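Below is one structure, written out as structure tokens; the observations come after it.
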Amino acid sequence: MLPPRQQSQVGEGLQTSLSLVSSDPRLSLEEHRSNTGNLRESPTESASSREIWPMAAAIKKESVSGADKITLHDVARERVDVVYEKMLHLPCEFLDELKNGLRVILEGGNGSQHREEFFILQKLVQSRADLTTKTLVRTHRVQLEILVAINTGIQGFLHPSINLSQASLIEIFLYKRCRNLACRSQLPAEDCTCETCANGNGFCNLCMCVICSKFDFEVNTCRWIGCDLCSHWTHTDCAIREQLICMGPATQNGTGPSEMVFKCQACNRTSELLGWVKDVFQHCVMSWDGEALIRELDFVSRIFHGSKDPRGRKLHWKSDDLKENLRSGKVESKAACKAILMVFKELELDSQKTPENAESESGRLIAPQEACNRISEVVHEAVRNMEMVANEKMRMFKKARLSFDACERELAEKAREAGELNMDRQKKKLEIEELERIVRLKSAEADMFQMKANEAKRESERLQRILLAKSDKSEEEYTSNYLKQRLNEAEAEKQYLYEKMKMQETSRLSQSSGGGGDPLMFSKIHDLLYSVPPSADGPSNDCHPFRKNP
């Protein structure tokens, strides 16, 4: 079995993955969507990119006319020489902004909009037949970096600290060199002639997964599985998903015992997994922290989940047990490391007791003491197996008991909550009945007040009619009394004038007899006296200049 996957050569000190995107041109659009959906899958990529990537706001902008401007779609669609001529007259700041805009699209911060835009750009680039070695050597440096970044989906080619030669960029674009910036091996790597490496899709067997064609920098881990024969690597998750980890014979001739094996998709040959997992843990377990150990135990548990081999089942049970104890804090990481190493030693001892040895020794007679010793070993092995099964049953019983207790507590809690809800329901019901009673009372009061208001309104209308009638009657009485008063005054004034006229007439007669009088004055008094109309309204004050208004 291959040793644990080691760190590949790192160019110019770069230690971080800058993308996990597959650039196989034969992939369908749906496969591109699934691959490019994880543009930021590696946490180290975003961290390293943020540390030294220039901020867009810090770039000094210069005025560029609209006719001279160029977009990412122009770079992906137009001829190489046309874009080259335009870029020669553009300032460096504008070209940096163009690369920064593509970096934002590759990061996918705007969700589906950026993904759709990237798919369009990549389709434009990969559908062009004019992008050959002869034409690419005449491209602008920024133009070539943008084309490579669009074709591979890796934003690292836009990074200011990545300074690859133009020849290397052209080879990466044409799938002649590994696009992994930490590898950059010539393809096919190690002159491999297998179908996977020779199909010219940019696959590198030194750093990429045979199934998903993605790469990362996870080393000394069970995350990667290597083939014993062709030395190609596969993600453990991809192998489990594609059902490449299954039960099978340990040897190629099919005569060995059945155990968990890995079937390489590149060469279609199998490799045993127990020895590979043992080598990984023996070399690397002491350097893992608690979280890394839990993650590796989870890989082991999933690898041997369907094992029918006693050793595989034992490793699966022990991995699950240690993983649960580490998560609950019952076991420290150092103790768990020693425990898993002890398990591998026990499995190694078990593997030495093969059926071939038993058959070779069955043909000869053995001493009673040796027979007793062998019987004792068999009994001890049976006891150990029974203890292991008992421990597993006890663990399962404890787990079930804990689940049962949790369910009991949850049931009691739900019953208490149901009782509280029932009490609240009764309380709300009483409150609703009280409110209904208050509403009925208020409705009766409103009806009573409405009835009293109607009675008051009718009384007011009756009093208003009486008031109007009395007002009319008092007006008539006032008018009648006023007219009577004026009539009496007119009669009195008439009598007064009449008496005065008589006195004047007497005086005139006496004066006439005495030789004098004023006939004109007498005539005016006579006209005034007899000019009063005999109507019921009586004379007005204006007709009598001898009387002032009262």
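The backbone N, Cα and C atoms fix where each Cβ goes, glycine too.
Unlike curated entries, TrEMBL annotations are predicted automatically.
Since we're looking at a predicted model, the values are computed, not measured.
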Given 311-330, 531-550, which one carries TrEMBL's region 'Disordered' label?
531-550
Please find, within the list 82-137, 418-473, the residue stretch that TrEMBL describes as coiled coil.
418-473
Counting each residue once, how many in the domain 'Zinc finger PHD-type' (208-268) are helix, strand and coil under DSSP?
6 helix, 20 strand, 35 coil
Can you give me the average pLDDT across the domain 'Zinc finger PHD-type' (208-268), rounded to a whole number?
81
